[in-house]
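First the structure, in the form of structure tokens, and then the observations on it.
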Amino acid sequence: MAHILIVEARFYESYNDMLLAGARAAIDAAGHSHETVTVPGALEIPGAIALAQDSARFDAFVAIGVVIRGETYHFEIVAGESARAIMALTLDGTAIGNGILTVENDAQALVRADPQQKDKGGEAAKAALAMLELQRRFA
Ligand SMILES: Nc1c(NC[C@H](O)[C@H](O)[C@H](O)CO)[nH]c(=O)[nH]c1=O
Ligand SMILES: CC(=O)[C@@H](O)COP(=O)(O)O
């Protein structure tokens, strides 16, 4: 059994609740355990994963968050830099699934957060488990 850390950026309460439900359901269905930590925003997720890695308590990570475009360039920074930093951690061999939604509006966020619709939280959890399996296969 693996132990998974879900790192959520709780910027939008309702969407996060749905993403977490999907991620937790996927991990439970695969027979693994999980715990969750909360950070202020998506930009803090990669740092939280890096800090948690040092504890060696977790086998894989799931990033959960919602980034909705506003009026300024900040969307590109938050969306792009969180994805870039997560990818850098992945390329260092860390099993991570990225469930950070980067969308234009609330309607797009809802469809993707809802476990009964696109279930991006569950998708990210399954991706993390798939990468963990590869990591163990190549060990
Ligand atoms: N606008 C969104 C943010 N912005 C906050 C940043 O992620 C970060 O917490 C802040 O810049 C302090 O370092 N975060 C989201 O997750 N979603 C957004 O829509
Ligand atoms: C993604 C963001 O950072 C965004 O929510 C911030 O909104 P704004 O660009 O209007 O400040």
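Yeah, the Cβs are placed from backbone N, Cα and C, and that goes for glycine too.
Taken straight from TrEMBL:
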- F11, A42, L43, E44, V66, V67, I68, N98: 5-amino-6-(D-ribitylamino)uracil binding site (BINDING)
- E71, T72, R112: (2S)-2-hydroxy-3-oxobutyl phosphate binding site (BINDING)
- H74: active site, proton donor (ACT_SITE)
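Recorded features from TrEMBL, shown on the structure.
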{"residue": "F11", "record": "5-amino-6-(D-ribitylamino)uracil binding site", "Cβ within 10 Å": "17"}
{"residue": "A42", "record": "5-amino-6-(D-ribitylamino)uracil binding site", "Cβ within 10 Å": "27"}
{"residue": "L43", "record": "5-amino-6-(D-ribitylamino)uracil binding site", "Cβ within 10 Å": "18"}
{"residue": "E44", "record": "5-amino-6-(D-ribitylamino)uracil binding site", "Cβ within 10 Å": "15"}
{"residue": "V66", "record": "5-amino-6-(D-ribitylamino)uracil binding site", "Cβ within 10 Å": "29"}
{"residue": "I68", "record": "5-amino-6-(D-ribitylamino)uracil binding site", "Cβ within 10 Å": "18"}
{"residue": "E71", "record": "(2S)-2-hydroxy-3-oxobutyl phosphate binding site", "Cβ within 10 Å": "6"}
{"residue": "T72", "record": "(2S)-2-hydroxy-3-oxobutyl phosphate binding site", "Cβ within 10 Å": "8"}
{"residue": "N98", "record": "5-amino-6-(D-ribitylamino)uracil binding site", "Cβ within 10 Å": "22"}
{"residue": "R112", "record": "(2S)-2-hydroxy-3-oxobutyl phosphate binding site", "Cβ within 10 Å": "22"}
Whole-number Å value for how far H74 (active site, proton donor) lies from V66 (5-amino-6-(D-ribitylamino)uracil binding site) (Cα to Cα):
14
Across all the protein chains here, work out how many other Cβ atoms are within 10 Å of the Cβ of V67 (5-amino-6-(D-ribitylamino)uracil binding site).
25
Which binding-site residues of A42, L43, T72 contact ligand 2 in the sense of C-beta under 6 Å?
T72
Binding-site residues F11, A42, L43, V67, I68, E71: those with Cβ under 6 Å from an atom of ligand 1 are F11, A42, L43, V67, I68
Closest by Cα to T72 ((2S)-2-hydroxy-3-oxobutyl phosphate binding site), out of the binding-site residues L43, E44, N98, is L43
Give the distance between the Cα atoms of V67 (5-amino-6-(D-ribitylamino)uracil binding site) and R112 ((2S)-2-hydroxy-3-oxobutyl phosphate binding site), rounded to the nearest whole Å.
12
What is the separation, in Å, between the Cα atoms of E44 (5-amino-6-(D-ribitylamino)uracil binding site) and H74 (active site, proton donor)?
14
Using only C-alpha positions, which one of A42, L43, H74 is spatially nearest R112 ((2S)-2-hydroxy-3-oxobutyl phosphate binding site)? These are the recorded positions in the record.
A42
Measure from the CA atom of E71 ((2S)-2-hydroxy-3-oxobutyl phosphate binding site) to the CA atom of N98 (5-amino-6-(D-ribitylamino)uracil binding site) and give the result in Å, rounded to a whole number.
24
Any idea what DSSP makes of I68 (5-amino-6-(D-ribitylamino)uracil binding site), helix, strand or coil?
strand
Going by DSSP, is R112 ((2S)-2-hydroxy-3-oxobutyl phosphate binding site) part of a helix, a strand, or coil?
helix
Count of other CB atoms lying within 10 Å of the CB belonging to H74 (active site, proton donor)
12
Measure from the CA atom of E71 ((2S)-2-hydroxy-3-oxobutyl phosphate binding site) to the CA atom of F11 (5-amino-6-(D-ribitylamino)uracil binding site) and give the result in Å, rounded to a whole number.
17
